[in-house]
Structures are given as structure tokens and as C-alpha cells.
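All remarks here apply to the structure that follows.
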Ligand SMILES: *[C@@H]1O[C@H](CO)[C@@H](O)[C@H](O)[C@H]1NC(C)=O
Ligand SMILES: *[C@@H]1O[C@H](CO)[C@@H](O)[C@H](O)[C@H]1NC(C)=O
């Protein structure tokens with residue numbers, strides 16, 4: 001064995017900003033790392049940065065073979081390239097030089113089934129494979145992301161010490177855990193992103209209500225969000241929202257936030273989350289509402305024309321009459337509570353989607369542990385994730401966050417404020433699809449009896465689908481139309 005001390009502990013291929021930052025993070029934690037990118041200028045750039053950011057032990061390599069051979073066996077190679085075909089190409093280029101027992105770790109936002117296919121292919125060649133969700137954006141990658149590695153447990157063990165140091169640190173440990181087998185790491189990251197969609201939508205609705213119903217200025221909004229960030233809502237997204245309201249336009253008068261086009265971009269993980277929820281028959285209305293809102297936001301020109309068309313048809317804005325008697329202080333406090341309660345419902349949906357998938361695939365996901373590794377580093381990091389962690393640690397089989405005794409109490413305490421905000425918004429004609437979806441989710445889930453009995457009757461009437469009864473077992477079918485006609489008031493009785 002050529003145990004050369006010059007060999008790197010790990011390698012990273014794909015040196016866009018995320019890749020560069022993660023490599024620098026690893027080197028900074030004292031793990032010698034080899035880096036590679038087809039574009040040689042990217043390698044030089046990364047080596048320069050490693051030099052400038054503290055002479056970090058990072059070594060540039062200029063072809064796949066040298067890169068792979070510069071790493072200690074069993075080798076671990078992280079790849080951070082665009083999801084899809086580029087991942088397959090990178091694997092092909094690198095695996096030609098890898099040996100049985102070596103591991104590939106894909107850190108991209110990959111569709112979990114692609115990871116499962118690649119695990120099978122890698123296994124066929126004796127290679128280990130991990131699909132690892134990485135959240136935290138560029139900053140997180142450099143200074144501590146939340147990591148969601150799933151796939152080969154041995155591949156995880158081989159790099160566990162590195163991941164523990166590189167991940168964000170919170171008081172109960174590093175924000176990384178072995179997620180489970182197969183594509184579970186990617187799936188968990190996907191749902192994380194779906195929850196992120198929900199959070200961002202709910203925050204934008206709070207902004208809309210405070211601005212347009214409450215008449216708050218950007219300065220006031222900045223102060224309110226900064227204030228909220230000191231309480232139960234404390235989180236990365238609330239914190240950056242406070243900052244956004246403070247930024248003045250450098251090209252014209254006023255605040256920059258008011259100059260941004262109201263069209264939201266997206267990369268697909270939110271859509272996958274909603275598709276998976278539908279596949280698994282899990283209700284995720286808040287996440288779906290946030291996705292729908294992104295679609296509608298994209299129809300900017302259509303919306304402008306609709307605004308005009310409805311004005312001509314006689315539509316009158318009702319905002320004025322609603323805002324006239326508003327108690328600003330009360331509204332702000334109500335919106336804070338509505339936002340919190342809406343978020344809990346959204347997280348409940350995401351968690352239940354994760355559980356349903358875990359059951360289907362036999363992943364054995366630990367929901368409390370997932371909430372824990374989201375407490376730091378990632379985009380949805382928030383103080384109340386600690387409470388979610390505790391709820392699942394108290395009761396692994398908690399069917400819904402809403403019925404955890406602590407959360408149940410909080411929901412009950414906040415529901416009056418929540419209803420006031422949604423009611424005000426509806427009267428004012430300000431759409432709050434996320435808050436409405438969360439409130440409807442809550443009101444549907446908490447009711448022991450729903451009007452689904454009528455839907456069952458309709459299904460049985462036109463399709464003989466049969467129904468169950470509340471008072472005795474068995475499947476029943478009724479000739480509804482015939483009986484209704486006999487009673488003299490059924491379908492067609494008036495003809
Ligand atoms: C190298 O860099 C380019 C451009 O930054 C990128 O498109 C490519 O996927 C990178 N990765 C590898 C492994 O070459
Ligand atoms: C977990 O929650 C469910 C539903 O609320 C309940 O039926 C069960 O008893 C709880 N288990 C524990 C250990 O508290």
C-alpha cells in the first residue's frame with residue numbers, strides 16, 4: 001500500500017459557488033481535500049480562494065484520474081453538479097478510476113429515484129453511494145449547512161467525522177444525521193424545500209396584510225419582523241425578511257423591495273413535493289397553495305389585464321372600508337399569531353408526507369431527528385423546530401403535530417387571532433391562500449364529523465359505490481332515486 005501522506009482525505013468535483021464553498025469548509029475543518037472541475041479556471045479559482053482564506057489544505061486536480069488517485073482509500077468523492085444528466089456524466093468520468101469500496105456522494109438537489117437508480121448501478125460495480133441533501137445556500141455551504149445524507153450506511157460511516165465538523169452546529173449536535181437507505185436523503189431535502197415554499201408564501205401573506213390592510217410602511221415592517229425574530233417566530237426567513245425591508249433602492253428613490261417584479265421563480269422541488277403528496281394521498285394544502293401562488297404570480301400580464309377587466313365590470317376595492325377602523329397594534333399581534341399557527345400546519349403536512357413515504361419505502365425515518373438537523377444551517381432553520389423535535393421525541397407515532405399536547409394548546413390559543421386575520425383579508429379582497437389553506441386544514445382535521453357523508457351518498461346514488469354507516473358494520477347500497485321518488489320529493493318529482 002502506498003500510504004503517501006500527500007493523499008487527500010476526501011475529494012469534491014463540481015466547483016460552482018456551492019461546490020467551492022463546501023470544499024473550503026471541509027478544508028477549514030482540517031480535512032485535506034482534492035478538488036476537480038472540467039473547467040480548469042474553476043480549479044484555479046478554488047485553489048486561490050483556499051490560499052487567501054487561510055492557506056487551507058485544498059489541492060487542485062486537472063483530470064479525473066489524477067483527482068481520484070489523489071484521495072485516500074476507501075475514497076469518498078462528493079459531486080456537486082447540476083442534477084440530472086451532468087451527475088451521470090460526472091459519475092462516469094470519475095468511477096472509471098475508482099475501486100470497490102470507494103464512495104460517491106451526490107450533494108445536488110436530485111430526484112430521489114435517480115439516486116436509487118445510481119445506487120443500484122454503483123452497487124453493481126462494488127461502489128458505495130450516498131444522495132445527500134445540502135441546505136443553507138452559499139453561506140451555509142461555506143460556514144455550516146444542514147446535511148441530509150441517505151443511501152449506503154458504510155459510505156456515511158466513512159465520512160461521518162467530516163460531516164459532523166462541516167455541518168452547522170446547534171446545542172444538541174451537528175445538523176447532520178444518517179437519514180436512511182435509498183433516496184431518502186434527497187426525499188427529505190425535497191420536502192424541506194416544500195416546507196420552505198410554504199414558509200415563504202405565509203410570510204409574504206403576512207406582509208401583504210400588514211402593508212395593505214394595516215397600512216404599514218417598509219420601515220415599520222422592518223421593525224416588526226425584527227421584533228418577531230426575537231420571539232416564537234425566530235428563524236432565518238423572518239430575519240432576512242426584516243433585512244429586506246431596510247434596503248433602499250440604489251437606482252431610484254424609495255425602497256428596493258417595492259421595485260421588484262412580482263413574479264416568483266422556482267426550480268422544481270416544491271412541485272415534486274406536491275406531486276408526491278398526491279401520490280401518497282397525504283393532504284399538503286399549504287404547500288400546494290404556495291406552489292399555485294408561484295404559478296399565478298408568473299401570469300403577471302394576465303393578472304394586470306384581469307385587474308382592468310374586473311374594474312370595468314364594476315369591481316370595487318373593499319380595502320378602504322376595511323382599513324379605516326383598523327387597530328394597528330392588534331392587527332400586528334394577530335398576524336404574528338396567524339403566521340405561527342399557519343406554519344405549524346404546514347410543517348405538520350411536510351412531516352406527514354415524510355412519514356407516509358418512509359412507511360412505503362421502509363426507510364424508518366426519525367421525524368424528531370429530522371426536525372433537529374433542520375434547526376441550524378438550512379433555509380427553514382427556526383427556533384420552533386426544537387419544539388417539533390420534542391413533540392416527535394415524546395411520541396414517535398404522533399399522527400399529526402396539531403394533536404401534540406403542547407402544539408394543540410398553542411393552536412387553540414392562536415385560533416381567534418388567526419380567524420380574525422383571514423376574515424379581514426377575505427373582506428378586504430387580499431388573498432391569503434397559504435393562511436386559508438392552513439386554517440382549513442386545521443378546521444378539517446380537528447372535526448370529528450365532516451360533510452363527507454353527503455359525498456358518499458352522491459357516489460352511491462350515481463355510481464353504486466356503496467357506503468358505510470356510523471351505527472353498524474358492513475357496506476350498504478341504496479336505490480336513492482327510487483326511494484326519493486316514492487317519497488314524493490325526489491329527483492324529477494317536480495316534473
Ligand atoms: C465544472 O464547471 C462548469 C462550469 O462552472 C460546470 O458546468 C461543470 O458541471 C463543472 N463540473 C465538473 C465536474 O466538471
Ligand atoms: C401518541 O399519540 C397518539 C395520538 O394522539 C396517542 O393515541 C398515543 O397514546 C400517544 N402515545 C404516547 C406514547 O403518548
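Quick reminder: no glycine exception, Cβ is built from N, Cα and C everywhere.
TrEMBL labels come from automatic prediction, so no person has curated them.
When 73, 75, 248, 294 are compared with the substrate site residues 109, 135, 136, 137, 192, 193, 197, 267, 459, 465 in TrEMBL, the one appearing in that site is 294.
Proximity of the recorded positions 14, 16, 18, 37, 39, 189 to ligand 1, judged by a Cβ distance under 6 angstroms to any of its atoms, singles out 14, 16, 37, 39 in sequence order. Maximum C-alpha to C-alpha distance over the listed NADP(+)-binding residues 14, 15, 16, 17, 18, 19, 37, 38, 39, 81, 82, 83, 109 is 22 Å. Here the C-alpha separation of residue 196 (active site, proton donor) and residue 82 (NADP(+) binding site) works out to 20 Å.
Remark: residue 294 (substrate binding site) has 197, 264, 266, 270 as non-local neighbours, by Cβ distance under 8 Å and separation of at least 6 in sequence. Non-local contacts of residue 39 (NADP(+) binding site) by the CB criterion (under 8 A, 6+ apart in sequence, same chain) comprise 15.
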